[in-house]
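Among the features that TrEMBL reports, domain 'Metallo-beta-lactamase' is placed at A:15-225. Taken from TrEMBL, the feature Zn(2+) 1 binding site covers A:HIS81, A:HIS83, A:HIS151, A:ASP173. Marked as Zn(2+) 2 binding site by TrEMBL: A:ASP85, A:HIS86, A:ASP173, A:HIS409. Taken from TrEMBL, the feature substrate binding site applies to A:HIS383, A:VAL384, A:SER385, A:GLY386, A:HIS387.
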Number of protein chains: 4
Amino acid sequence: MEVEIATIGGYEEVGRQMTAVRAGDNVVIFDMGLNLSKVLIHDNVETERMHSLDLIDMGAIPDDRVMSDIEGDVQAIVPTHGHLDHIGAISKLAHRYDAPIVATPFTIELVKQQIEGEEKFGVQNDLVKMDAGGTMPIGEKCELEFVNVTHSIIDAINPVLHTPEGAVVYGLDKRMDHNPVLGDPIDMDRFREIGREGVLCYIEDCTNAGKKGKTPSESVARSQLKDVMYSLEDYDGGIVATTFSSHIARVKSLVEFAEDIGRQPVLLGRSMEKYSGTAERLDFVDFPSDLGMYGHRKSVDRTFKRIMDEGKEDYLPVVTGHQGEPRAMLTRMARGETPYELDEGDKVIFSARVIPEPTNEGQRYQAEKLLGMQGARIYDDIHVSGHLNSEGHYQMLQALNPTNVIPAHQDMKGFSPYVELASNEGYELGRDLHVTKNGNTIQLTE
Amino acid sequence: MEVEIATIGGYEEVGRQMTAVRAGDNVVIFDMGLNLSKVLIHDNVETERMHSLDLIDMGAIPDDRVMSDIEGDVQAIVPTHGHLDHIGAISKLAHRYDAPIVATPFTIELVKQQIEGEEKFGVQNDLVKMDAGGTMPIGEKCELEFVNVTHSIIDAINPVLHTPEGAVVYGLDKRMDHNPVLGDPIDMDRFREIGREGVLCYIEDCTNAGKKGKTPSESVARSQLKDVMYSLEDYDGGIVATTFSSHIARVKSLVEFAEDIGRQPVLLGRSMEKYSGTAERLDFVDFPSDLGMYGHRKSVDRTFKRIMDEGKEDYLPVVTGHQGEPRAMLTRMARGETPYELDEGDKVIFSARVIPEPTNEGQRYQAEKLLGMQGARIYDDIHVSGHLNSEGHYQMLQALNPTNVIPAHQDMKGFSPYVELASNEGYELGRDLHVTKNGNTIQLTE
Amino acid sequence: MEVEIATIGGYEEVGRQMTAVRAGDNVVIFDMGLNLSKVLIHDNVETERMHSLDLIDMGAIPDDRVMSDIEGDVQAIVPTHGHLDHIGAISKLAHRYDAPIVATPFTIELVKQQIEGEEKFGVQNDLVKMDAGGTMPIGEKCELEFVNVTHSIIDAINPVLHTPEGAVVYGLDKRMDHNPVLGDPIDMDRFREIGREGVLCYIEDCTNAGKKGKTPSESVARSQLKDVMYSLEDYDGGIVATTFSSHIARVKSLVEFAEDIGRQPVLLGRSMEKYSGTAERLDFVDFPSDLGMYGHRKSVDRTFKRIMDEGKEDYLPVVTGHQGEPRAMLTRMARGETPYELDEGDKVIFSARVIPEPTNEGQRYQAEKLLGMQGARIYDDIHVSGHLNSEGHYQMLQALNPTNVIPAHQDMKGFSPYVELASNEGYELGRDLHVTKNGNTIQLTE
Amino acid sequence: MEVEIATIGGYEEVGRQMTAVRAGDNVVIFDMGLNLSKVLIHDNVETERMHSLDLIDMGAIPDDRVMSDIEGDVQAIVPTHGHLDHIGAISKLAHRYDAPIVATPFTIELVKQQIEGEEKFGVQNDLVKMDAGGTMPIGEKCELEFVNVTHSIIDAINPVLHTPEGAVVYGLDKRMDHNPVLGDPIDMDRFREIGREGVLCYIEDCTNAGKKGKTPSESVARSQLKDVMYSLEDYDGGIVATTFSSHIARVKSLVEFAEDIGRQPVLLGRSMEKYSGTAERLDFVDFPSDLGMYGHRKSVDRTFKRIMDEGKEDYLPVVTGHQGEPRAMLTRMARGETPYELDEGDKVIFSARVIPEPTNEGQRYQAEKLLGMQGARIYDDIHVSGHLNSEGHYQMLQALNPTNVIPAHQDMKGFSPYVELASNEGYELGRDLHVTKNGNTIQLTE
């Protein structure tokens, strides 16, 4: 059976991930992501109303026109987890394919919300929930399987397309975490089993391939966060925390430690409410029943006012704005635009790392400056990455023992350390190690 | 009563710490340290046989000639903990003073060993052990007290000289750790009490004053180390670890996790044996009864041979060489000079951070290159600092509320962030915040 | 005679420079500058209409309230050169003093323009022009002298207040340039002479004190610029250049090399027109008679349209925007908001260095990204600093041999390398080397 | 005719360059270089006596065993210029091939000296001199041509193998310099002509492909050096300079400016004598007839003694040691091991940049520290690179318009910016843009 990989997006950048796998006549699409930075660099762009072609021209969403060269029927669109660089183009592209969107429940819910916010296209694809560990047939001879992985968002999986020629494992975004605070550990047993059955191709996220050793477990971030927050038990002023809104495990730790030190946590900001609310509704996390979550600016400000009235020392607002985004809640607080007043010595906990790019660094710097002008002091970098460091990559290659490897989720410079790493394991560039680019197809079997 | 501070060494560098406090006619000396980098930059210098004046000229030990201007009798020489930059000049300078050396038991033991190694001078000062929490009279009106602190070595204290004019707190080297793995947490209650009684002067270690937030607890490093070591449970090749030999809490974690993953730990290298052996003998740590510790090259190599014979997969050698020091055990292993053979894929765990200085960085880089040429792969930076970050400094100032503050343990550039920090708390340069240099005296009361 | 220095602004930052020197009953003020970054961090702040006290609270202009403690009459306000951090607060503060503003002709002209733009205060102080080399009496016993220096703006001087106690040399901002492209070399002969006469105090700009060696001459930047521009002689597409608008020597080089390679230079952007127009009107530079300079957006865009019509290959637009400022001309070009169309392979020459601060770095990065999205390619860092590196500082200390030294134009961290350097020359912190802060006074003689 | 490229060495590193081109039955080898860092990382390795296979195993010289798969006769071994990474393996490998070594006169002379120093192998290959612009037939249908280029050593060329299928241009190492101080400018006219005739393949040095803009001309370094040295005209103490010994143009500038400021230059150190002596003997440079050059330690020290006797202020020693190499002359001076005594304030001019690798950075740091301990002060980075920045690469691609492009002289990470750059010019990875590795062959035509 012919197996062919179309590397549509995310092979020259991080963002707008999209890959199609054709096995005989059947095609599965993995991810349809958005490169948000390509949108934000322009002033006043509202993607909700934009046409796909314009977004493709901007480099914001995958250029899926190569799909017309793929001879087969799309049977499923499979986003691996709920981050925007993996689902953010669904509302712009999915309606072109007569195929269901298949994902884990949390991811499906986020896809649904995204589709509802779309104003240009009517996306009518079926939304099919499948849990980690689940399988579904693709055509007569293939099968789609979800293997549980650990990442900085819950309910993440690596999809596997089992073909008569061997498995195609789509390995984007994971950390090797055996103690992930929320959810199950990465299912290495299943990966090893799939490896023994035979893997035709492994597509891998190279983000941290150049970093030595092992990405720390979420339990390490939790231990660091606990150390910080417990050290503030006696502080009787304001403490504010921020983290990635979609990082439910981290939010959960913040909520728990807030209570441990006698403060009432409250989640503030549009995406804080969205992700945590969704996670709670779907029973992924067990928050205290009285945990407040507010998204609209008005209700946020009302909450801030209440906090000021009742005493800052009794609350821990967990807010959006960890990258210093100009319109996020923390930046508004820093500018004195909310009723919450920061005083000399108040603490702001960034349970996040600055995404290392001058735009973010500049915005974050400004946010910290503004916070500092109000007297606040910063706790920084209380975080672990969601992506495999080099040792995790070695372990994956040893578990899967794939015939072909395709580095992804980076540009060529980002691929380099992975190529070196895979070469150490016996792969050879141009033979079974395929460095490729957006818009390419790689035929693996005939 | 006149109280005067002589800032003898370590006020223009890290290393060769030495400070004298005179209260009336009585003088107490805090620390007599060595700046090892000033020795190592020269080829073939053996300090054991060198005269103090030559070492002073090299900038290696404190220039204590300013002591002749101090009108009073030295009543005690008080090293705060066992690191070389605090005790390393005792064998060269202490014999000039007719005073006992007073320190905690572990520190005293290390001082003793150092004196025994000295070949030039005969140091005869009494060695007096005093535990954290202990006190001793200094003259008729003063008292010396040891307050327990947490640092990257056990049995560290901050000495306090209580005078009729208030306490002089010598605050060098600590981290604010409430969960230090080994030993008691920092005694903040006592510091707050001393603060309420009145503090005339606080001398503070500025090493990390420019770093945001809180230095993580040793329990965070332990959590990270555990995550790494448990992830290697299934690896059936060689694993080697290295850390600061004097960091007993870390060595203890290494030993425990080695056993957890089914490997027999063994401590190798001269200073590994020295520090861990001393700690065990003094009952500071409870190692497994059969834990091997070998210092002499011959017994180390014999052990390596045994490990190779019995199977690398059953052992965890914990060795010296975390900075890539040319003659340390790990560097010898990297050069293939020991019987231990590294194979492709073997792991080397650096539970240490490179001291950020080009000499170390160059040596460490070479060690890693050599290890890599043998196939080994690196786990890096599994470590936390032993020094207060800015928030710890704020908490100390708030606890002690000192009348005068003297930044120490840095050069002027290193003092700057502390000066800014202290200014935020109301101190003023030249008034009650004293930026000084080696060889100065500051009179605090008349 | 009592001589006293009030270090009013710019002793804890770069920006808002202001220093007063009192000699007996007479006072001279050096500089009244603006810290623009403190304004720009806020959205929508228009300084023109703001009150001084609000700007003081923002940290944008010097807090001159300490002047009420200075017992004497202000005889002159002396800005050293036309950069905003030296003249930008004149329109907000000068009217409080009954004294003329004394400066070189180019600086006076810029001060005048600034006062005209002021909307809140009516500044009526006399504007007195004095050339480098000129002198004027201050009271009966003192004299003000201007010594020619070389900086990144023309007509810069170091003012010297000659008192019976010796000279007070205000050494802010200069580079030691013996070949400055435009204007005379730095007048080291006069400095040496003043040194022989006796210098009571030297106030020095520490910006680059930590940099090794010598700041290169403007002739080096010119040589590098020439190399770049001549290498583009055959390019038949668009070339655009940007530099500091006030850097007339650099603009002159750009204009000359443009003509050398067969392109018509044209200066575009409000401050381009302002500074170069002023310099030409005052005969500081001899531009080609037909050199176009356009400041208003409409005339700029009309010019761009003409360039597009006649052929980009015949023009070199020299525009504002070297730091990626969001509203500058180059950023508008990058966003496609002007009629000038960049094509694949067009060149953009940054004859400037990014000011190393995350806000600028972020903005510049965005501007380069946007330029890149249009196909343009960047030539970077064709620049030399306007501030003395360490060897220049040594030469100044040796020339002046001052009794007292006051580091300025930095925060304490920035002072540190200068303190080390001055210590090497025999000065001693707290004795004759005065590290100070905003709002302090230092009494030098009684 | 079959044309095939064997990428033997220098495709996964900088160093040990070696490439073979087969055109039909004839083969030409370009470069046989040494990776010195692979030698130096080991203690006490003397390459002179080592066997090739051991050096290959160490990664020090190219693994030319792939040559046995190349069906053809080697007609010429062509080193492009005299740097060790291009000629350093000739004495270990050339004797295996029955072919002359063809190079420019200066390169040939250096090859000769290297062969004479070899102790293990007897290299008997003919040494054939050919000037830039010269040609020689290779078999019946091909021709070898040397095109003049500009690099940081004199007499550098890019060899071109003209085949019936088009030219193969071997583009290693050059800068685009139209004003190179010594020798002729790069011969872009000839490159453009070759481009018009048709280029089958271009092999390119990617060292600086990721750097923006244009590598400055040697004339820029000269201008900067002049600025520094003229500024020291009045200094009456010691001045010492160091640079790359093989960089004759720079040495010439140092010699000239020394004389301009009234100092007698003298070249000291083994490789200083070797390269400058050779250049002078071959009439590449016109040094003053009395210019002293001393290589042996004894004569160097005798010279230093003479300088001390006659007065340091009259001399400019130009010495080896710009990277802080432990045994170089400058490091010996820094350790006080020579009769030359450095005094407080003496100047050391590094007309070189530290090669950015922690080993060098560590050694250079130590050398500077030791110099500083003697009172010397540093002028740094007075240098320009010898390799093309990105704009030079664009210009070469436009001049040659090659059918195939092979990035070289880097590892894959280093190739990435070049791949991006070539992609911008329409090349496509895997089609006509060949990222390869050591030991590969690429067949271009059949």
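Positions of Cβ are set from backbone N, Cα and C atoms, glycine also.
Separating the Cα atoms of A:GLY386 (substrate binding site) and A:HIS151 (Zn(2+) 1 binding site) is a whole-number distance of 5 Å. Ranking the binding-site residues A:HIS81, A:HIS86, A:HIS387 by how many Cβ atoms sit within 10 Å of each one's Cβ puts A:HIS86 at the top.
Neighbour density for A:HIS83 (Zn(2+) 1 binding site): within 10 A of its CB lie 25 other CB atoms from the protein chains shown. Compute the center of the Cβ atoms of A:HIS81, A:HIS83, A:HIS151, A:ASP173, which mark the site for Zn(2+) 1; besides them, the chain residues with Cβ within 8 Å of that center are A:THR80, A:GLY82, A:HIS86, A:SER152, A:ILE153, A:ALA156, A:LEU172, A:LYS174, A:GLY386. Taking the mean position of the Cβ atoms of A:ASP85, A:HIS86, A:ASP173, A:HIS409 as the Zn(2+) 2 site, the remaining same-chain residues with a Cβ inside 8 Å of that point are A:GLY10, A:VAL14, A:GLY15, A:GLN17, A:ASP31, A:GLY33, A:THR80, A:HIS81, A:HIS83, A:LEU172, A:ASP205. When the Cα of A:HIS387 (substrate binding site) is compared against those of the binding-site residues A:HIS83, A:ASP85, A:HIS86, A:ASP173, the shortest separation belongs to A:ASP173. Cβ environment of A:HIS409 (Zn(2+) 2 binding site): A:GLY10, A:VAL14, A:GLN17, A:LEU172, A:ASP173, A:GLU204, A:ASP205, A:CYS206, A:THR207 lie under 8 Å away, each six or more residues apart in the same chain. Long-range C-beta contacts of A:SER385 (substrate binding site), restricted to its own chain and to partners at least six residues apart, with a cutoff below 8 Å, comprise A:SER152, A:ARG175, A:THR207, A:ASN208, A:THR215, A:ARG353. Annotation note: A:ASP85 (Zn(2+) 2 binding site) sits in a helical segment as assigned by DSSP. Counting other C-beta atoms within 10 Å of each candidate's C-beta, the binding-site residues A:ASP85, A:HIS151, A:ASP173, A:VAL384 are led by A:HIS151.
A:ASP85 (Zn(2+) 2 binding site) and A:HIS383 (substrate binding site) have their C-alpha atoms 20 Å apart, to the nearest angstrom. The binding-site residues shown are A:HIS86, A:HIS383, A:VAL384; of these, the one with its CA atom nearest the CA of A:HIS151 (Zn(2+) 1 binding site) is A:VAL384. The two recorded residues, A:VAL384 (substrate binding site) and A:HIS83 (Zn(2+) 1 binding site), have Cα atoms 17 Å apart. On its own chain, A:HIS383 (substrate binding site) has A:ALA221, A:THR243, A:ARG250, A:PHE350, A:SER351, A:ALA352, A:ARG353 as residues at least 6 apart in sequence with a Cβ closer than 8 Å to its own Cβ. Surrounding the centroid of the Cβ atoms of A:HIS383, A:VAL384, A:SER385, A:GLY386, A:HIS387, where the record places substrate, the chain contributes additional residues within 8 Å, namely A:SER152, A:ARG175, A:ASN208, A:THR215, A:PRO216, A:ARG353. All protein chains considered, the CB of A:GLY386 (substrate binding site) has 24 other CB atoms within 10 Å. Classification of A:HIS409 (Zn(2+) 2 binding site) by DSSP places it in coil, neither helical nor stranded.
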